[in-house]
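All remarks here apply to the structure that follows.
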Amino acid sequence: MGMRLSRRDKIARMLLIWAALAAVALVLVGCIRVVGGRARMAEPKLGQPVEWTPCRSSNPQVKIPGGALCGKLAVPVDYDRPDGDVAALALIRFPATGDKIGSLVINPGGPGESGIEAALGVFQTLPKRVHERFDLVGFDPRGVASSRPAIWCNSDADNDRLRAEPQVDYSREGVAHIENETKQFVGRCVDKMGKNFLAHVGTVNVAKDLDAIRAALGDDKLTYLGYSYGTRIGSAYAEEFPQRVRAMILDGAVDPNADPIEAELRQAKGFQDAFNNYAADCAKNAGCPLGADPAKAVEVYHSLVDPLVDPDNPRISRPARTKDPRGLSYSDAIVGTIMALYSPNLWQHLTDGLSELVDNRGDTLLALADMYMRRDSHGRYNNSGDARVAINCVDQPPVTDRDKVIDEDRRAREIAPFMSYGKFTGDAPLGTCAFWPVPPTSQPHAVSAPGLVPTVVVSTTHDPATPYKAGVDLANQLRGSLLTFDGTQHTVVFQGDSCIDEYVTAYLIGGTTPPSGAKC
C-alpha cells in the first residue's frame, strides 16, 4: 500500500487476503493490536522464556476468547551477529483442551499479515479434535503488526493520497512520475527503518524465527499450517530444518522455484478467470450491472470504471461520489473488485458496488478497497502493505531490465484485460524492488529437504491468487501429498469444508496423509 504502484506491484499485492475466512476475520478483528495483559509489556531479552499473560485487545469492541495467552519472544535481527540488534516477535496461544500432542503454529502469509489476527479467525472454526490435541499458536513475523520493530514507511495521509491517484499514465512522463514516487517511498522506508533491519526481514530469517518459536513452545518438532505466502515460510523452514518437522500443511502454495515475472502473470490470469466466473454468474440474474452477455463483461466493466480517470490527463482523478469525503478513485475501484474476487462469498458485494457505480456512487467498492488495504473506520492503516513490499524485495531478485518490464505489461494487458486501463504504450515503470537499497537474500530455486516427513499441500483448482499448478509443483518438490479442492476461492483449510478438514485433521493427529489423487 504505500508507494506508487506499477503493474508489477499491483500484481504482487494480490496475495494480501487469504480467502473467505480472512474476509470474516477482517470484519471481526480489523486493525486491532493484541498484546499481553499488562498495560506495558517490557520488551524481552535474548534467551528469556516467553512470559505468557492473558491477552487484551486495543479495540474494546473485539472480545478475545477466554484462555488466550499472549507474549513476546526475542530473536536476533541478524543471526550471524547474535550480540547485535534484537527483534521482539508477538505471539498468541490458545491452550489445548485435552491430551496435548504439541503446538499447531499457523501463519496467513501476505507477506506482511498478522498471524495473531489469523489465529483469532482460525480459532473460531478449528475442529474440536484439533483444539483438544494442540495449542493453537499464531505469530506476527519480524517487522509485522505487533512485533517490534514494525516496518512503517508511509503515513496514513501518504496512503490516502496515493490511493486517490489513478496510477495509469504509462507515457514517458507518467512513467518517470511513477518511478519518482517509488523512489520517495523507498527513501521513507530507509529513513524510518534503516538498511540493516530492511536487509534482515526476509523469509530466510523468518524460518529461523519459526524454529526459535518451536523451541520456546517446548516442542521437539514443529507442527505447522501455512496459508498463501505462509507456505513460503513453511517450505523455507523445511529446507533449513527438515529433521525438525513433525507435520506441515501448506494451503494456497507459493512456488519458491517460480520465475517472478511468470508467477505474477499466472496470478493475473487467475484473477481474470475469477472475474470471468463472476461475470457468468452475475449474468444469470436480472439487473446484473455487467449485463446479460459475459463475453462483453470486460467492456461493460471498463465503461463503469474508466470514467473515474480524466480522459485528457490520466494523472487526474474523477472520483465517484461516496459518503466518505475521499470519493472512489479508479485505483480503489480496481482494488475493490480484486478484493471481491477472492471468494464467491463476496460476489454479491461486487454486484452491489458495480450497480452503485452505474449511478456514479462508490460506497461499496470503497469499503471493499479499504478492507483490502487494511484501512479502519478511523482512517488508520496497519503496516501490512509496507511490510509486504519490504519482505518481497529481499525474497526475490529485482527486475531491473526495462525491456522485460515492458513485455510483462504487454502480456498482462492481454491476460487480464479487466485490470488494464487504456492501450499499451511501449513503456512501463520499474517495480519498487528495482530501487530497493539492500540485495535479495533468496533466489528462485527448487526446494530440497532431505529427511523431511511426509507433508500435505492443499491446492484449489480455481484459486485466483495462488494458481493450482503452484501447489502441484510444490508438492512434487517436497515429495509430499497433494490434496486438491475443486473450487474458486483462495485457501480452504479450516474454513468449513468437511472433506478437506477430515483429511487434514487425520494428518495432524495421526500422521495419515491423503491418498494419491485425493480431491474434495
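Easy rule for this one: first residue shown is 1, then count along the chain.
Cβ coordinates come from backbone N, Cα and C, glycine included.
The annotation signal peptide is assigned in Swiss-Prot to 1-30 on the grounds of sequence analysis.
Annotated S-diacylglycerol cysteine per Swiss-Prot: Cys31, in sequence order, evidence recorded as sequence analysis.
The feature N-palmitoyl cysteine is assigned by Swiss-Prot to Cys31.
Its Cβ placed at the centre, Cys70 (disulfide bond) has 26 other Cβ atoms within 10 Å. Sequence annotations record features per position, and here Swiss-Prot assigns disulfide bond to Cys55-Cys70 (among others) based on experimental evidence.
The domain 'AB hydrolase-1' feature in Swiss-Prot is assigned to 102-497; the stated evidence is sequence analysis.
The disulfide bond annotation in Swiss-Prot covers Cys153-Cys189 (among others).
Among the features that Swiss-Prot reports, active site, nucleophile is placed at Ser228.
If you look up Swiss-Prot, you'll see Cys282-Cys288 (among others) marked as disulfide bond, on the strength of experimental evidence. Sequence-distant neighbours of Cys282 (disulfide bond) (same chain, 6+ residues apart, CB-CB distance under 8 A): Cys288, Pro289, Leu290, Ala297, Trp347, Thr351.
Here Swiss-Prot flags Cys393-Cys433 (among others) as disulfide bond, drawing on experimental evidence. Same-chain residues at least 6 positions away in sequence with a Cβ under 8 Å from that of Cys393 (disulfide bond) are, in sequence order, Thr432, Cys433, Trp436, Val438, Pro440.
The feature active site is assigned by Swiss-Prot to Asp463. Taking the Cβ of Asp463 (active site) as centre and 10 Å as the limit, one finds 29 other Cβ atoms among all the protein chains shown. Reduced to three states, the DSSP call for Asp463 (active site) is coil.
The Cβ of Cys520 (disulfide bond) has 18 neighbouring Cβ atoms from other residues within 10 Å, across all protein chains displayed. As annotated by Swiss-Prot, disulfide bond applies to Cys499-Cys520 (among others).
Of the listed disulfide-bonded residues Cys55, Cys153, Cys189, Cys499, the Cβ environment within 10 Å is emptiest of other Cβ atoms at Cys499. Counting only the Cα atoms, the space from Cys70 (disulfide bond) to Cys153 (disulfide bond) is about 27 angstrom.
The distance from the Cα of Cys55 (disulfide bond) to the Cα of Ser228 (active site, nucleophile) comes to 26 Å. Per-residue pLDDT, averaged across the domain 'AB hydrolase-1' (102-497), gives 97.
Comparing Cα positions, Cys189 (disulfide bond) lies closest to Ser228 out of the recorded positions Ser228, Asp463, Cys499, Cys520.
Cα-Cα distance from Ser228 (active site, nucleophile) to Cys520 (disulfide bond): 19 Å (rounded to the nearest whole number).
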